[in-house]
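A quick write-up on the structure given underneath.
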Amino acid sequence: MLAYKISPSSISGRVSVPPSKSHTLRAIFWASVAQGTSIIHHALASPDSEAMIQACKQLGAKILKKSTHLEITGTPHLILPKNTTINAGSSGIVFRFFTALAAIFSEKITITESSQLQRRPIAPLIQALENFGATFSYEGEPYSLPFSVLGPMSSGYTEVIGEDSQYASALAIACSLAEGPFSFTILNPKERPWFALTLWWLDFLGIPYAQSEDTYSFEGKTRPQAFSYTVGGDFSSAAFLAAAALLSQSPHPTYLENLNIDDIQGDKELFFLLKKLGANITFENNTIIIFPSTFSGGNIDMDPFIDALPILAVLCCFATSSSYLYNARSAKNKESDRIIAITQELQKMGACIQPCHDGLLINPSPLYGASMHSHKDHRIAMALSIAAMHASGDSIIYDTDCVKKTFPNFIQILNSLHTNIQEHYEHISLRPADSRQDVVWQGSR
């Protein structure tokens, strides 16, 4: 089990942000079903990317890993052999996308996973696919992995709950490729920027669809042509570096390169929010410049950048006023229940943080070094790392292998910016720390 030992430290310097996971996975998928050979430059190398690659190879796609790009020849015939098993690994995108894709085939397809995906809900997507005529059978409890899917989907209309954007994204993919026409309505849509990213890919590939408010219609049976695409930097990953730069005691700024501010990624809005709250952030070409600075808290709607909940919770501990992070219920169904996970771990550091029905209440408070756990969630692990860098005393974060999911060189990049983080593969513990004052919650909402 990998653990981080982190001493208080500040960052400054210049760094290239790693490629976007969301764009990488969609690029690999669409190249695998496209007609011809596609080139994907700067794809993120991660366990989720590998899970997508292996799943797409079972479609018949030929995927070659070059030094700077992926060369992907799409499957000549969009079929899956009888009794194919797709292992989604720990990737929610592979899990949801291939569940929907399996529904277009007339052969039984089995979807399986790593144990971590067992907690990720799938029922709303399955129910929508059943309305199109797909059937599902389960080895255990209904709506739990592993399960088998038998299509094909038939044309029609369905509705899907919008709590998680991946349900609608998966439906859009299946409706594009299956023999249609199809239409669906998203009920109470959340995480709109992430579904917008899926629609951006449809537009980029020339796949037709029509939109009327939250209802989407597809002609179906549309395979894109091969394409060339360069994956830009990941704003979700950049958020952790930005937080470290804002809280830094260094007199120098940090330059985050490889970030296209015109990218559709939803988490870029976090940078505009922080600037609005008083953070000293400037945008220059494909670089975001972060100056150490103070900023206020506030009432913050998390839906536009739900993946930023853990790191924004950390930042709010250092704000000049209280914060209410709301509209964040979907964060409970990620790799962990992020509302509970970040609350439990930051409370170990002395944070004034409480969960509420749809988010978090946070009062500014000093943080102290502590022993913490990642909950096997990459965003929790990275958020706690940034908190530990700005706490009083050393900290340990256990079970941090999960960081490879989106940011494989996270520690290497931070240490290149002058931090003091050590990786250990054996059990480590902190020496007894100085006693700290008890923290009392002040105020409520």
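Using the three backbone atoms N, Cα and C, a Cβ is placed for every residue, glycine included.
For Asp307, the entry in Swiss-Prot reads active site, proton acceptor. Taken from Swiss-Prot, the feature phosphoenolpyruvate binding site covers Lys21, Gly92, Arg120, Gln166, Arg338, Arg379, Lys405. Here Swiss-Prot flags Lys21, Ser22, Arg26, Ser165, Gln166, Asp307, Lys334 as 3-phosphoshikimate binding site, drawing on sequence analysis.
Known features from Swiss-Prot, placed on the structure.
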residue	record	DSSP class
Ser22	3-phosphoshikimate binding site	helix
Gly92	phosphoenolpyruvate binding site	helix
Arg120	phosphoenolpyruvate binding site	coil
Ser165	3-phosphoshikimate binding site	helix
Asp307	active site, proton acceptor	helix
Lys334	3-phosphoshikimate binding site	coil
Lys405	phosphoenolpyruvate binding site	helix
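The number of other CB atoms found within 10 A of the CB of Arg26 (3-phosphoshikimate binding site), across every protein chain shown, is 24.
Note: Lys334 (3-phosphoshikimate binding site) has non-local neighbours Gly92, Arg120, Asp307, Asp377, Arg379, i.e. same-chain residues 6+ apart with C-beta under 8 A of its own C-beta.
For Lys21 (phosphoenolpyruvate binding site) paired with Ser165 (3-phosphoshikimate binding site), the C-alpha to C-alpha distance reads 15 Å. Using CA atoms as reference points, the binding-site residues Ser22, Arg26, Ser165 were checked against Lys405 (phosphoenolpyruvate binding site), and the closest is Ser22. Non-local contacts of Ser165 (3-phosphoshikimate binding site) by the CB criterion (under 8 A, 6+ apart in sequence, same chain) comprise Pro189, Lys190, Glu191, Arg192, Trp194, Phe195, Thr198. Between the alpha carbons (Cα) of Arg26 (3-phosphoshikimate binding site) and Arg338 (phosphoenolpyruvate binding site) lies a span of roughly 24 Å.
Each residue contributes its Cα atom, and for Arg338 (phosphoenolpyruvate binding site) and Ser22 (3-phosphoshikimate binding site) these two points are 19 Å apart.
In the three-state DSSP scheme, Arg379 (phosphoenolpyruvate binding site) falls into the helix class. Of the recorded residues, Gln166 (phosphoenolpyruvate binding site) and Ser22 (3-phosphoshikimate binding site) place their C-alpha atoms 11 Å from one another. Of the listed binding-site residues Lys21, Arg120, Arg338, Arg379, Lys405, the Cβ environment within 10 Å is emptiest of other Cβ atoms at Arg120. There are 26 other Cβ atoms within 10 Å of the Cβ belonging to Asp307 (active site, proton acceptor).
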